[in-house]
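Trainee: Heads up, here are the entries from TrEMBL:
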BINDING   Met48, Ala196  substrate binding site
BINDING   Arg123, Thr169  ATP binding site
Amino acid sequence: MTQTAPISPGARLAAMRAAAPLIHNITNYVAMNVMANVLLAAGASPAMVHAREEAADFAAVASALTVNIGTISPPWAEAMEAAAASAVAHGKPWVLDPVAVFASGYRSGACTRLLDLRPTAIRGNASEILAQSGGAAGASGADAGDEVSAAEDGARALARRSGAVVAVTGPVDFVTDGTRALRVANGHGLMPKVTALGCSLTGVVAAFLATGEDPLDAAAAALAFYGLAGERAAQGATGPGGFAVAFLDALHALTPAELDAGARIEAA
Ligand SMILES: Nc1ncnc2c1ncn2[C@@H]1O[C@H](COP(=O)(O)OP(=O)(O)OP(=O)(O)O)[C@@H](O)[C@H]1O
Ligand SMILES: Cc1ncsc1CCO
Ligand SMILES: [Mg+2]
């Protein structure tokens, strides 16, 4: 049997941009504008569609779906479940972002129901993945209060249990399908100082999944692309405000060759 060479992160970026996949996002009020601009700068086509009356229809035609519980309320929860079920029924990948899942029984109940709908990937910070995998999170809100290393065993277990690729983000990202695991060391300390950059990354992961065959390598390529854009944007930025603007420019400007040269992806 011939062994095929792994697809490079740069090739995955080029494929994503060539496809400009339509990404359906049911996300929070904070992230909506940031995330749409991030997806456009990266090369995808965002649509924020959350009415329960149309979410399932839209998920059927989009290339991928993201579901983010950041500002969830009952009508939105209905739309999320209908959209996720529709994505699965139509063979479209979907990504769950369990924002502050530990904060209330309402949030954790919503995520339990969404997990039953078999997301292709789950992306969260260390506290969110720790809680989603059954551990005790050291955070109360949307910002991480735990180290990525503390969530790695839970991420592996969650991946095996759910069938999803699980990405834990932080200073060094960890991503696993339950069998293989990778660490992605790209990124910059200004990234968590701009709200919704994690939420927006969930959309970029979905965009890479929309064009990739293997979700683990596609997710790792998305994480490296995002982190490397953060590194570029930080050069010359004096704080979070200028960084946020430069980050969009860096996502737009980063080339596939630059991603192949700058991606720091290693087996974990
Ligand atoms: N200290 C850090 N150093 C380098 N990169 C970081 C750091 N913290 C986060 N990142 C990067 O920031 C991006 C967003 O991840 P983060 O874990 O902050 O998401 P989040 O907590 O879900 O964010 P939000 O909920 O505000 O959208 C990822 O690309 C991650 O690698
Ligand atoms: C700050 C905040 N609050 C609810 S969602 C959100 C965006 C970051 O997750
Ligand atoms: Mg988040």
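Each residue, glycine too, has its Cβ placed from N, Cα and C.
Have a look at these and tell me how they're positioned relative to everything else.
Mentor: In the shown protein chains, 17 other C-beta atoms lie within 10 A of the C-beta of Met48 (substrate binding site).
Mapped onto three states, the DSSP output places Arg123 (ATP binding site) in strand.
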Trainee: As a check: which entries in Met48, Arg123, Thr169, Ala196, the binding-site residues, place their Cβ less than 6 Å from an atom of ligand 1?
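Mentor: Thr169, Ala196, by Cβ distance under 6 Å.
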Trainee: Only counting partners 6 or more residues apart, tell me which same-chain residues put their Cβ under 8 Å from the Cβ of Ala196 (substrate binding site).
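Mentor: The list for Ala196 (substrate binding site) reads Asn28, Val30, Ala31, Val34, Met35, given in order along the sequence.
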